[in-house]
Amino acid sequence: MGSLPPLQFIPNPDPNCKDHQQELINPDNLLNLFKTQQKYLNHFFQNLDLSQTLSFTQTLLNSTGTIFFTGVGKSGFVAQKISQTLVSLGIKSGFLSPVDALHGDIGILSSADVLVMFSKSGNTEELVRLAPCAKAKGAYLISITSLEPNALMGLCDMNVNLPLERELCPFDLAPVTSTAIQMVFGDTVAIALMGARNFNKEMYAANHPAGRIGKSLIFKVKDLMKKKDELPVCREGDLIMDQLVELTSKGCGCLLVVDNDYHLLGTFTDGDLRRTLKASGEGIFKLTVGEMCNRRPRTIDPDAMAVEAMKKMESPPSAVQFLPVVNHDNILIGIVTLHGLVSAGL
């Protein structure tokens, strides 16, 4: 099926019919909205109280318990996202629904925990009701608000103000700029904690084992290579025509030419077979693999990262579909294929 043409080129079937009148986005208005949002975000960056932000970040870093986040509506979604970011960085965190907390879930709070409350106004009824109850559990309360004064400020141990000029919404109602600065603030603090805890790539990968990022930082060539009976090996004196089954049956698209001690001597690919057949014709029946193999193939170490193998396969002067895996003595121990790397999720 073909894609629809751009909106502005869709013909109006009946210009006089109100039901079919087409509404188009004015590009100038759209650009102005982005510029205005940029202005509002700049207001946030230029007026953020660094001392408040530093105290907040240090408090989270010093926490010995769980850092809980809470909020209602759009602020609640932001709170959930920031909590998930911290968890992915190995920091004990969770989202506490303010409604569920008042019906039993507050039992998860302890005196070692921190509860961060996101609210634009600071007067959200559910949070105002939750604050004294959480305080009674001994948790340390922090409010993240944009309008001052507000009710949460008097109920929490710490308050951080996120400067808000106004919402991008023409009525200054829909929470779009306020939630944007909440997200920027929370995620930036998360990265600050990441740096303070010396969180490295290996630790990040350990928390993301199923993702492409994690796999690229965890998997080594030896984890994904074919070995032993899976290898399409032959000797340099073998006739090419006698090795066709070996060439095609192992699913590697090549032969790995070795000596009696399993030192890698070269490779012979199905592409080499086609080129040899074209150049030699019937003479191919007398040719040995050693006469036509590539004596300088690309190879890789078994302890190299799998993502490095993929880069090596794709490097100039031309891409290849496999890499023989050899040790420091050039002894063949395996083969890694592009298909195998892609199948592993790299």
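All residue numbers here begin at 1 and follow the chain in the order shown.
In case you wondered, yes, glycine gets a Cβ from its N, Cα and C as well.
TrEMBL entries are annotated by machine, without manual review.
The domain 'SIS' annotation in TrEMBL covers 56-199.
Here TrEMBL flags 225-287 (among others) as domain 'CBS'. On the 0 to 100 pLDDT scale, the domain 'CBS' (225-287) averages 93 in the predicted structure.
The feature domain 'CBS' is assigned by TrEMBL to 293-346 (among others).
Annotation source TrEMBL lists site 'Catalytically relevant' at K74 (among others). A C-beta separation below 8 Å, combined with a sequence spacing of at least six in one chain, links K74 (site 'Catalytically relevant') to P175, T179.
Positions annotated as site 'Catalytically relevant' by TrEMBL: E126 (among others). Counting every protein chain shown, the Cβ of E126 (site 'Catalytically relevant') has 19 other Cβ atoms within 10 Å.
Listed in sequence order, L173, A174, P175, V176, T177, S178 are the same-chain residues six or more apart from E167 (site 'Catalytically relevant') with CB atoms under 8 A from its CB. Residues or ranges marked as site 'Catalytically relevant' by TrEMBL: E167 (among others).
Residues annotated as site 'Catalytically relevant' in TrEMBL: H208 (among others).
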* Asked: By DSSP, what is the split of the domain 'CBS' (293-346) into helix, strand and coil residues?
  -> 15 helix, 15 strand, 24 coil
* Could you break down the residues of the domain 'SIS' (56-199) into DSSP helix, strand and coil, giving a count for each? => 65 helix, 23 strand, 56 coil
